[in-house]
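Trainee: My structure is below; once you've seen it, I'll send some questions.
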Amino acid sequence: MSNEATLHSQQEVMHGAHDHHDHEHHHEDNFISKYVFSLDHKMIAKQFLITGIVWAIIGAFFSVVFRLQLGFPDATFPWLESILGHWAKGGRITPEAYYALVTMHGTILVFFVLTAGLSGTFSNLLIPLQVGARDMASPFMNCLSYWFFFLASLVMMASLFVQTGPASGGWTMYPPLSALGDASIGSKIGVDLWLISMALFVVSQLLGGLNYISTLLNMRTKGMSMTKMPLTIWSFFFTAVLGVLSFPVLLSGFILLLFDRHAGTSFYLSDIFIAGKALANEGGSAILYQHLFWFLGHPEVYIIILPAMGMVSEVLAVSSRKPIFGYLAMIGSLFAICILAFLVWAHHMFVTGLNPFLGAFFVLLTLLIAVPSAIKVFNWLTTIWKGNIRFTPASLFSIGFVSTFISGGLTGIWLGNSSIDIHLHDTYFVIAHFHIVMGVSAFFGMFAGIYHWFPKMYGRFMNNTIGYIHFWVTLIGAYLIFWPMHYEGMAGMPRRYFDYSSWTSFNQFGGLNQFISIVVILVFATQLLFVFNFFYSIFKGRKLTETNPWKATTLEWTTPINPGHGNWPGEIPEVHRWAYDYSKDGRDFIPQTEPIGPNESAH
Amino acid sequence: MHTMSIQRKKIHPHKYSLWIAMGSITMMFIGFTSAYVVKRSQANWLAFELPHIFWLSTALILLSSLTIHLALKQFKERNMQRYKQLITLTAVLGVAFAVCQWIGFSQMRNSGLALNGPVSASFIYVIVGVHMLHVLGGVVALLIMFGRAYRTRVRTYSAVPIEVAATYWHFVDVLWIYLLIFLSIAR
């Protein structure tokens, strides 16, 4: 495995002709070292993906349960009592259970699915394969990264089963509700477990991020200059940079919170009365936590969306058989988003009593993000413009991503204005905005990635028909769920309430809420169909017969159908051109490994 | 697994990872110190002097930076006996540093500045305590080096692990100097 880039010069690396190198140097693997404590980046990617899928089912199921409450506040569902016990006495969830479900839905989806499940899966899978490396810079640290994530998952899972329930103060875990065990039933041990789990999660993300960065900066194959890298790799790079710089700040916020909970310090607490009794804490500031939290929290949304953007760029170019439009502009806009991500956190805090003068700067910087975002959108549209599009499930999900990113991004311009935000803050408008632009879009990017790289992961295809059903129901369903929420939000309907039925102003939305809840159930069922497709195809899917099923230019398709640990059986191929030579000089595609011809100019 | 390419003289991936990790740790302390700055500008901030023993611990950690630097030099010259002595000395100085910090904590407690007292004191406990944990992490790394140096079956000639440890050690040293200056000025 140590024969490294020595003499590449004359090496003809399989392009066009797909020779099968069957079994490559496999050192003896037993079950434990192959499937459990694997050091192979491809196996670790699958571990992240499958753990993420399990979490996604749980997190989405929670949303179904609380949507039942919101859509049918007077109905009872006896089956709920049989799974939730006293949290759903008589078949109707209690307010405490409602808050716990909402909090866990947010935590699970934002961190465990769309951070670990998304960038954990695809950074691990694609970075070594697409830059031409045998494995990560430190395979051991990579393995550790997954197992820290697994531990974090176990702790979070355990918190669902403690007597007082999981943390329920919202996924942002704002003090004082989260800092005082007596504040609510969901502020007791559930919050401690939440904080421990998140600390383990941060460690996992840092170990992973370090590896991604040093692998893609140091271990690229010969000829793979930074500007020859596919955009996937660029997006994983910026994602990792954001994570490495912002997660530690979140950790410091959590450490201070833990001290407030257990050591009697007053970092976030001041002048608090519980049940008429004054607490001794003095001199703290709850806003301080919000600053520390959102300094991570805002980059976090880009940690979620950037990998999806990268994969969508790649899939759109492959499926429309055209070079990506504005490659350098794509990198530049990723970079701009990465910088701005650190300068806009206070737009989450416009109504906390923030100095309006300061708010003006945050409005300006927030609206500036529209510029790189628009550049990306135009580049995606011009990439598919007049392309010879192959409507695979992956390409449909990529186009769906562009759609939801536009419609969710536009409402961001509303919310980014501090004066409009005073009205819209904490209403369903905000829910609609971030679910479309970050939740649905990121999921679409993830689905595009799964459908596109599934053949690389398992050597089989997923079922296309189920894929098409999955796409259309999810796209239409997502809009039917979140579009009406904009209207509810504009009418002032606040989020986080358990029951609106006694609130006359919002009675007009009773039918709408029912409608949303019904669509939620349909969309959830369709996601289960996807999960079935995924697991069924691992074992029974149509087998790959060629190494490069999508006729793509990038390096991962030069590996054997089922690559062993080390990826390439022979030497690592050398790279001669960028990743987007599609429909060039009368050829459908030219792999990155093919030298620049005499009558050809490099991109 | 040998992972370096010959074509370009590139920095070793482990060293690279370390540099990124140091950036990450720096961000964590930036988080703490900026929280400190924000709190300090608000009402009810109690200013006090840092325990004097922190100056002794500063001297110790500076000295340990020197010893680990010499240890690296001895390793490269394959003076393994001197190397082992020097990393042992470094680890001892690291532990002594942590003990001094701990004594500093009890001095603060005795003068009425408990952990759950004024928030300015709480910050000192948390910031200095988290830094101390990072130093102790370095001590653990040195113990592993020490174990490796005594292995007879496998001999290591690569200076990368000790270079990584030394860089990290200098980093926590510099971090402490920064924190000391910061906490002394922004009181």
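Using the three backbone atoms N, Cα and C, a Cβ is placed for every residue, glycine included.
Below, the features straight out of TrEMBL:
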{"type": "DOMAIN", "residues": "B:1-187", "note": "domain 'Heme-copper oxidase subunit III family profile'"}
{"type": "TRANSMEM", "residues": "B:16-38", "note": "transmembrane segment"}
{"type": "TRANSMEM", "residues": "B:53-72", "note": "transmembrane segment"}
{"type": "TRANSMEM", "residues": "B:84-104", "note": "transmembrane segment"}
{"type": "TRANSMEM", "residues": "B:124-146", "note": "transmembrane segment"}
{"type": "TRANSMEM", "residues": "B:167-186", "note": "transmembrane segment"}
Trainee: Could you tell me what the rest of the chain brings near the transmembrane segment (B:16-38), counting residues at least six beyond its ends with Cβ under 8 Å?
Mentor: 123, 126-127, 130-131, 134, 164, 167-168, 171, 175, 178-179, 182, 186
Trainee: Go through the chain and flag residues at least 6 beyond the ends of the transmembrane segment (B:53-72) whose CB is under 8 A from any CB in it; none is fine as an answer.
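Mentor: Beyond its ends, the transmembrane segment (B:53-72) has Cβ neighbours at 82-83, 86-87, 89-90, 93-94, 96-97, 100-101, 103-104, 107, 128, 135, 142, 159, 162-163, 165-166, 169-170, 172-173, 176-177, 180.
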Trainee: What residues elsewhere in the chain lie close to the transmembrane segment (B:124-146), defined as a C-beta under 8 angstroms and at least 6 residues from its ends?
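Mentor: Residues 25, 28-29, 32-33, 36, 50, 54, 61, 68, 84, 87-88, 90-91, 94-95, 97-98, 101-102, 104-105, 108, 113, 115, 161-162, 165, 168-169, 172, 175-176, 179, 183 contact the transmembrane segment (B:124-146) from elsewhere in the chain.
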